[in-house]
Every structure is written in C-alpha cells, then in structure tokens.
C-alpha cells in the first residue's frame with residue numbers, strides 16, 4: 001500500500017475546486033477566459049468550420065449536447081487531477097519527512113480514531129530531538145537486507161473519511177518458508193536469571209490479610225518483594241504449589257491421558273481457553289501445512305464448557321475440534337471463570353515445560369495468520385522474547401482503572417485497593433519521563449513468548465498479582481514489568497494494537513451471539529422497465545392537464561427527461 005488513497009481524495013477535491021476555471025482544448029489546459037475569446041470571434045469560427053467539424057471535441061459537443069459535454073469535461077479533469085494527485089502523494093510518501101511528520105503513536109491515532117496524550121507527548125519529544133525519520137517505518141532489527149526493511153504504513157486517511165473505533169492496519173509478514181528459516185537456532189540469552197524453580201507447598205497457609213489462594217500458595221509481602229530482586233538462581237511462587245507436577249492433584253488438574261502429551265517437546269504451540277462456557281471455539285485460518293504438522297493447537301476448557309459442547313455434539317471421544325486439541329480441566333481453583341482463564345494464559349511454561357515458543361490468544365479470538373509468520377514479525381525480527389500489544393486507547397493505569405470501574409469489570413473497592421497499593425509502591429500516572437516506554441496498559445488478549453527464565457519469571461510474578469488482587473491483568477502488567485526492568489536489561493515489544501487486529505479477529509461472546517436476532521433478508525426488486533410501447537403510442541399527443549397539476553407535471557417531465565438522457569449517456 002503506497003498511500004494512493006490520499007491522492008484520490010486530494011486530487012478529486014482539488015479538481016472540483018478549480019475545474020470551473022479550466023477546460024480542455026487541443027490536448028492542453030486553457031483558462032475559460034481564453035476559450036471565451038475564441039467563441040466570440042465569428043470569423044475564426046467560419047473560416048475553420050471544416051477543420052472543427054473533423055475535430056473530436058466538436059463532434060462530441062454536437063452529438064451529446066451542451067450539458068453532457070460539460071459533464072464529460074468534468075469527468076476527464078477529475079481523472080487528470082486524480083493521476084496528478086496520486087503522483088504527488090506517492091512522491092511525498094517516499095520522502096523522509098513523511099515519517100517524521102506522522103510518528104508511530106500518531107499512526108495509531110489515525111487508524112484507531114482515538115486521540116490521547118501519548119500522541120502529543122511523542123510528537124513533542126520528536127520535535128525537540130529533531131524527529132526520527134524511521135519512526136514511522138516497521139521496526140526491523142535484522143538489517144537493511146530484510147524483505148520488510150522498507151515497509152511503511154500508508155498515510156492516514158483524511159479526517160472526514162476516518163472510521164470510528166479500532167481497526168487493523170497493514171503488517172509486513174515474511175512468506176512462511178522464509179519465516180521458518182529465520183527461527184533462531186538457539187535460545188535467547190536470559191539476562192542475570194539462569195535458573196528458575198518454583199515453590200512447592202502441600203499445605204499453604206494464609207498468614208496476611210491479603211488476597212491469594214491455595215493454588216497460588218499465599219506468598220507473603222516479603223516473599224513478593226524478594227521475587228523482584230533478580231538473581232542468577234531464584235525460587236518463586238508460580239501457581240501449582242501442590243502436587244507432584246502441574247495438573248496432577250494441584251487444582252487445575254488434567255486427565256491422565258493428557259499429562260504425558262503436555263510433557264513432550266515442541267518448538268511452538270498455540271494455546272487458548274474457554275471457561276464458564278463463555279465463548280465459542282474459533283477455528284484458525286490461513287495456517288500453513290508446515291504449521292498444521294508441527295505446531296499443536298491446545299484449547300483448555302472446564303467441565304461446564306465440556307458439557308455444553310457434548311450436548312451440542314461438538315465434542316466426541318477424539319477430543320478434537322478442527323485444529324484444536326481439547327484439554328479438559330478438573331477441580332478449577334477459582335469460582336471466577338475469568339480468573340481460571342489466567343492460569344493457562346500466564347503459566348503456560350508450567351503446563352508445557354518443554355517448549356520454546358508459545359502464542360496465546362483469548363478464546364474469543366480467531367487466528368488468521370500462520371504462527372511462524374507471527375513469531376518472525378513480533379519476536380525474531382525484533383530480537384525480542386516477549387511481545388504484547390498496547391491498548392488501542394488507554395496507556396495510563398489510573399485511567400484504565402477508572403474505565404474498568406465504569407464498565408463494571410470488577411467491584412470498585414477491589415480495583416481501588418489495588419491501585420492504591422501500587423501508588424504506595426511508587427506508581428505514577430504515565431508521563432514523558434517513561435519514554436521510550438510508550439504505554440503502561442496492554443491489550444492482553446494475545447501473548448507472544450519465548451520460554452526462557454526471565455520471561456517465565458515475568459509471567460509468574462504477573463500471575464501472582466492477579467492471584468493477590470483483581471483478575472484485571474491490565475492493571476498489574478506495568479508494575480511487574482517496571483520492577484523487572486529496573487533490575488535487568490530486558491524489554492517487552494509492545495506493538496500497535498492495530499497490528500494485533502491484523503492477525504486475530506475478535507468475535508462476540510457466546511451469550512451475545514445466542515441472543516442476537518437472526519439476520520433480516522433484504523429482497524431487492526429489479527427496477528421497472530420503461531413502458532416503451534405506451535411512450536411510442538402517445539408520442540406527439542398532448543395529454544391534457546388542469547391547473548396546478550399541469551404546471552408541476554410539466555416541470556417534472558422536463559427534469560425526468562434530462563435525468564434519463566444523462567443516465568443513458570453514462
């Protein structure tokens with residue numbers, strides 16, 4: 001996409017504004033004043049009548065009439081200005097100033113039709129530093145020879161053509177075979193932390209008046225604070241504190257037939273979950289044959305969802321629904337289905353101890369891009385080992401908390417208690433001082449992860465916050481990230497939310513789908529044919545009309561006739 005849409009609009013608007021002063025003549029542009037002088041000279045018109053009769057514009061003028069000839073000129077000049085406008089925009093889009101003018105956050109603003117303080121902060125920072133010519137380009141860390149090195153987003157549409165709400169934007173993916181070839185041959189280096197193990201406690205006891213659960217082990221505030229002191233070897237709480245291994249007598253238990261399969265080695269897995277019968281399974285699309293053979297797709301469901309699927313004949317003894325391998329969870333640790341869903345989302349490395357990469361998508365999402373292409377674009381190309389999209393509108397935890405309260409996502413007192421606790425730990429509203437970090441709030445429905453000690457620690461500590469406070473993981477993400485980044489040289493690739501919407505499509509929750517009215521069929525009748533026989537029979541005859549009706553009917557007849565001539569012409 002090269003931004004030709006701007007050329008269309010700019011050209012068409014310019015042509016409509018200026019066309020009244022310009023006409024065509026002899027293959028060149030003339031002002032209407034000069035053309036008027038030609039019409040006023042009868043000698044020239046008579047002496048050159050034979051040549052003008054041979055000219056194509058004169059023939060069209062005589063054949064089509066004055067109105068249609070003018071309309072033809074208008075269309076011709078609209079096309080001309082469209083071509084010129086497209087050329088100018090395409091030429092400008094290749095200049096470094098386009099990237100400097102727009103900026104990454106401004107792109108998010110145009111695509112998602114939202115205005116926020118981050119756009120102004122980044123714009124002001126760029127102006128102070130003189131701008132960054134590559135800010136608007138796709139970030140490529142593999143060198144200038146990468147096929148996507150010169151990929152840029154298209155320019156934003158004009159304000160009156162922007163669609164309301166978040167929308168997907170273009171993403172440059174490598175072909176699947178090239179994406180597979182770019183997979184790193186060895187794991188990424190984990191900064192500082194090299195050996196991570198987990199707390200095991202068969203009888204966890206709650207010693208402090210805070211949140212937590214038997215499943216999470218009730219870590220004390222001291223244990224919580226110590227877990228942010230990054231060392232070479234660490235032991236932390238990370239769910240599954242009971243039982244001999246995750247999924248076996250721990251709460252959140254698997255069938256015995258599934259346990260062995262979850263221990264197998266895989267380069268890549270894709271995982272999702274549906275708890276509380278809340279969503280309908282979405283089948284992935286555009287998955288390569290290579291991925292179908294080598295990348296397993298796991299869907300975790302609870303017993304309530306399993307019963308619903310069996311009653312609808314959606315699940316049989318094979319435990320497969322399309323590409324998804326169904327894993328049924330027994331003895332779920334929480335009464336809140338959303339909180340149960342955070343277990344596989346954040347603790348995949350505990351459920352699958354022998355995998356390299358994982359892509360997590362929420363149950364309401366449909367994957368529409370191959371997993372190899374996603375990993376190449378958001379991890380391997382960026383030299384990153386954890387990627388998540390930032391929220392399309394909010395980037396401040398305090399604003400996100402108020403939005404959660406207004407939407408009834410959780411009880412207000414619990415949200416206030418969590419945010420107040422973080423405030424005592426030093427959480428401040430997002431400001432320019434946090435750059436290059438551009439958001440404290442993720443859109444957490446997709447996680448792209450390399451399973452190395454530092455990323456496993458991050459999701460462990462993130463889960464502990466969800467276990468201790470509210471299940472709204474957007475509120476705790478920034479605090480955990482910042483505490484780890486303060487200790488080690490590590491970062492998270494927070495990409496545009498419109499890029500996330502490029503590779504997953506969001507569906508409605510099941511209860512909304514079932515209560516939606518069926519679509520109404522629209523019957524389109526073909527237009528009635530003109531009564532040619534009647535018109536020919538009455539041709540030359542005057543139908544008498546009386547009074548006012550005769551006058552209005554006469555005007556209507558002239559307008560209809562003119563309209564028919566114009567439509568026939570085009």
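In case you wondered, yes, glycine gets a Cβ from its N, Cα and C as well.
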TrEMBL annotation of region 'Disordered' - which of the ranges 499-534, 535-570 it falls on: 535-570
The annotated transmembrane segment range in TrEMBL, which must be one of 27-47, 48-68, 69-89, 90-110: 69-89
Overall pLDDT for the domain 'TOD1/MUCI70 glycosyltransferase-like' (196-509), taken as the rounded mean: 95
